[in-house]
Amino acid sequence: MTTDQALITAILVATLGLFIWNKWRYDIVAMTALVTATLFGLVDQNTMFSGFGHPAVITVAAILIISHALQYSGALEVVANWLKGFGQHTSIQLFLLTGIVAVCSGFMNNVGALALFLPITVALAKRKKAHPGSMLMPISFASLLGGTVTLIGTPPNIIISAYREQQTGTAFSMFDFAPVGMLVALAGVLYLSFIGWRFLPKRDTAASSNDQLAAASEYMTEVRIPANNKYLNRSLYRVLKLCEGEAIQILSIVRGEQRMLAPTQYEILRENDILVVEGQPDAIQQFLDDADFEMVDAKVDTQTLQSDTVSIVEVVIGPDSRMIGRSASGMHLSANHGINLMAISRRGQSIKQRLHRTTLRAGDVLLLQSDQDSLAAKLEYLGCFPLAERNITLGKHRKMWTTIAIFAVAILVTSLTNLSSSLTFTAAVGALVVTKIVNLRNLYNSVEWPVIVLLAALIPVGQALETTGTTGLIANGIVHASQGASVYILLGVVIIISMLLSDVINNAATAVIMAPIGASIATSLGYPVEAFLMAVCIGASCTFLSPIGHQSNLLVMSPGGYRFGDYARMGWLLDIIVVLVAVPAIAFFWL
């Protein structure tokens, strides 16, 4: 191993370690890797930012913008509403849901497709008096499976296509992924619908009998003791007895600037004391009614939290929300946006800070209160997705048929001509702007900039892996370790390694790292490069063992009430099915 190979290997290992550590944002980690590689002379300083102009990066950005336009056109709401008419059998409902989500995610951003079907999925679960968790993880996995079918279904496919063009002069076309991807997606959808959901734990439903949806199992919220309340100057013991009947837990008492954690039952309650409580929303509502307490910062009386003009809604924070890393007080949520934060649910973690000082994260479920007329626009701006069927829709029906037509033309041009996908879909974005379907503010807000920075930073690092001969070294190691193994075994190994990497790091990063390794294995053994690149695509897209591997999995964690290990409970067998289906399919179509 040369000095350069040792350095780039150390940078790669450190980068993977930081991805797994998950304390720094992945775009920051990627930029750190790029700067480090450049400082050591592994990347030319004159071309270190060339990744920002790479065709794969341009295509991903364009697809994100188009997906956002489709998401807010109202087109998929028609499909979602159609599902309401189907029966009560879980497997049949899941087959329809997962199938439609998979089809949609083949042509748009996976998270966008998933977000549109969150409310209808929760509503179907509520109608069956089942916990939403029985259905949310299957549709999340379906959104990942659907991405394997087309060029634009997921960033790894776009990256792999650009890499193939760089190596062979020919990119993958729009539907080159379909023969293998459709078989994998179909097998996955059948498993999720009829077998997989049965592996999910059966936890108590959080759905209430009224319209206050509770997809999340427990919320933390704050209630105030008003003047003339019957519990004033009484010990906390009396309130604790009431809490036992309502399954409410009192976490702390806030009195002015003083906060009492785990208060004793002898604490005397005073006027304007704030109780930080945790429980299911319907139980919290009953507790407020029985104790005659009031919700902190609610605009209206707790008996009438919703009216013709004021509404409450349960939302999940999206992966690219502008709320991430900020608190309600820090972003002046009430003053600037006219929204009151009433409660927070964060699955599997206790919240130590005051409600309005809590730093928000992707996947947090919030109970928000605002005027009904403008709530949909506010949620879109903040990057939150509603979880309940209400008079709130993600789509504003912005020239639905025009949006669909522009997208369809872009797909046809990419499929039937020699024009590059980056050119075609960038032109489609231009058409959306000219027709005023997307304005300039929404255009920039539609792009997941951390993903763009991640790709732009890692592409030069990936090229450094090749120029230093490190990818060949790794590939030779894999070939030597599997000496004498058939091509089927090698394809399976590439898929499995890509899967495991994607479970702990971003799938786009997996594609950047694994593409040259897969190509080197193919070249050293005399097999077509395309077969091993297709194996990388499948493995990088199938992230079923953890919530951190893909934003779709994180998005359903709190609404579904999942724990970290629940993903592996349903995902391990799906991983095996994907390998068993993908390997012979790749061999048949690409060898």
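Glycine is treated like the rest: Cβ placed from N, Cα and C.
Pulled from TrEMBL:
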| type | residues | note |
| --- | --- | --- |
| TRANSMEM | 7-22 | transmembrane segment |
| TRANSMEM | 28-44 | transmembrane segment |
| TRANSMEM | 56-74 | transmembrane segment |
| TRANSMEM | 94-124 | transmembrane segment |
| TRANSMEM | 136-160 | transmembrane segment |
| TRANSMEM | 180-200 | transmembrane segment |
| DOMAIN | 208-293 | domain 'RCK C-terminal' |
| DOMAIN | 300-385 | domain 'RCK C-terminal' |
| TRANSMEM | 400-417 | transmembrane segment |
| TRANSMEM | 423-440 | transmembrane segment |
| TRANSMEM | 447-465 | transmembrane segment |
| TRANSMEM | 485-501 | transmembrane segment |
| TRANSMEM | 531-549 | transmembrane segment |
| TRANSMEM | 570-590 | transmembrane segment |
**Asked** Is the number of Cβ-Cβ pairs under 8 Å between the transmembrane segment (180-200) and the transmembrane segment (531-549) three or more, considering only pairs separated by 6 or more positions?
**Response** yes
**Request:** Determine which residues of the chain contact the transmembrane segment (570-590) at the Cβ level, with the cut-off under 8 Å and only residues 6 or more beyond its ends counted.
**Result:** 137-138, 141, 179-180, 183-184, 187-188, 191-192, 195-197, 199-200, 487-488, 491-492, 495-496, 499, 528, 530-531, 534-535, 538, 542, 544-545
**Prompt:** the transmembrane segment (7-22) vs the transmembrane segment (94-124): three or more C-beta pairs under 8 Å (separation of 6 or more)?
**Reply:** no
